[in-house]
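To keep things clear, I will list the structure first and then write my remarks on it.
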Amino acid sequence: MEVEEENPPSTSLAESSAEVPDSQTLISASETIIPSIVPTAIPSAIVPPIAPIPTIPPPQVPAPLAPLPVRTPVFKPPQNGEVRTSDSDSDEDDSGTRATTGGYEISEESRQVRERQEKAIQELLMKRRAAALAVPTNDMAVRARLRRLGEPITLFGEREMERRDRLRMLMAKLDAEGQLERLMRAHEEEEAAATATAQDADEEMLQYPFYTEGSKALLDARIDIAKYSIVRAASRLQRARRKRDDPDESLDAEIDWALKQAESLFLDCSEFGDDRPLSGCSFSHDGKLLATSALSGVAKIWSMPKVHKVSALKGHTERATDVAFSPVHNHLATASADRTARLWSTDGSILKTFKGHLDRLARISFHPSGKYLGTTSFDKTWRLWDIDTGEELLLQEGHCRSVYGLAFHHDGSLAASCGLDSLARVWDLRTGRSILALEGHVKPVLGISFSPNGYHLATGGEDNTCRIWDLRKKKSLYIIPAHSNLISQVKFEPQEGYFLVTGSYDMTVKVWSGRDFKLVKTLSGHEAKVTSLDVSSGNFSSCRKIKPISVILISFYLIDILISMVESVCAAIINMSCSIFFEF
């Protein structure tokens, strides 16, 4: 302001305002005008030169923004005698109408989208309402409820779960329409008027038990198995404690000696078993007889060790798939693709026929007590039979595909099954529960065997591996890449479990250590796939050290390993009896 007071106003207020920068405050017209003062003239010689005033650049004005698109208003004809006076009034009315009633014109696509959204919301609400409804789980009850509602009880190709979902959606739809209560009330009144006894029977039918009630024979069998297993388990534990506490018995020395003898196994003899490929083999409990089954449907009994034919068992109408000797007597059982299992005597006469499976049988196995027989089938079940009566005691489901292998624990308390679903399951025969599901194989499991030590389980399958499971830890301890082709059978040495034998389609049989599961011996000689094997043990006796200087006599096992193969040749490998004397 001081500069303005010193400079004379030579022009009007508008011209002075044009020269003043925009940053300075302009003097309004209402303010008092200061009278101009004429400065005294100064001689030019005395006035010093004035530095030029720097030119202040004009402020940069940002580029104007693009104008917003003008939306063309939609004019509606006046309704209910409305009169629009001006455009401004119409704009105000339009804006008020849009803000309050949403008067925008809706296109056909928007209308379809809105309809689809409403339909999806209705379906979601319907599903929520259906999920909250109580629908019977028993298929017979579902059919009865559909019949009550006047709907078809089943559709072509409809499964149980699909039928139940259809009933659920139908009930939800009726509930949304408010008709469900009326229909159900009408049906209930009709049923109550018809008969009270029919209503009671219907209510009993709608009750769905959480378990399958077994027969009295099954209950007696479970009690008998429990008593038998307790005695066997106590004997096994007592023997294990004796070996652990007795300084005269060396477990490692026994295992080393057993493996050393297994290394010396060689081919002793060979014999043609049948005109068709052999499918199974089994030794008798005393090792004096050998049984083989073939795809011709005939099973044969051979004398050991000369391998002379004793009798032929004919009766199956389809191929025989497996054979097994009883662990307590010389009876044997065969399984066949004709869906039956048969019990035979050694002279070839049929004692019992077990019928009930819906598809061909795979493997067969005796319970250690000799009173019960287990069979597996491609109908996805395995069954337990009473030897004395021939009655089916247990129909056990649990596998989602065909059941192939079956083995019983040496105590008799457990059973293990394996199948084409790549699973192995352990069952408690005393309660009927599945206590373990062993997952690990990536392909079907074909062979399974319990170790006599009570806690090891071996499985082999089409993934060319043999897995060793610890039942105490409920996991796999060892994964043995055993063969170059699928493993058809696995068997522990039945006396002490000192070694494990595996047979494979790679035409070899291998012996593995039962301590660290390392390879001990490879038995070669077959020219085709090995389909089955069995291990028979003889006597094992030991005398304790009584005096400071005495002799311990160890009579090693009488080992017979039989391998049956596709080319109809069965080979019995070595009869071995060894005696060792230790002098102290």
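These residue numbers are counts, starting from 1, taken along the chain as shown.
Note: Cβ is positioned from N, Cα and C throughout, glycine not excepted.
No curator has checked TrEMBL annotations; they are predicted automatically.
As stated in TrEMBL, the feature coiled coil covers range 173-204 out of the listed 173-204, 269-300, 365-396.
With respect to Cβ pairs under 8 Å, the repeat 'WD' (313-345) is most closely packed against 354-395, considering the stretches 354-395, 396-437, 480-522. Below 8 angstroms of C-beta separation, residues 214, 222, 225-226, 228-229, 232-233, 236, 359, 362-369, 374-384, 443-450, 452, 454, 457, 459, 461, 469, 471, 474, 494 of the same chain, each at least six residues beyond the ends of the repeat 'WD' (396-437), sit close to that stretch.
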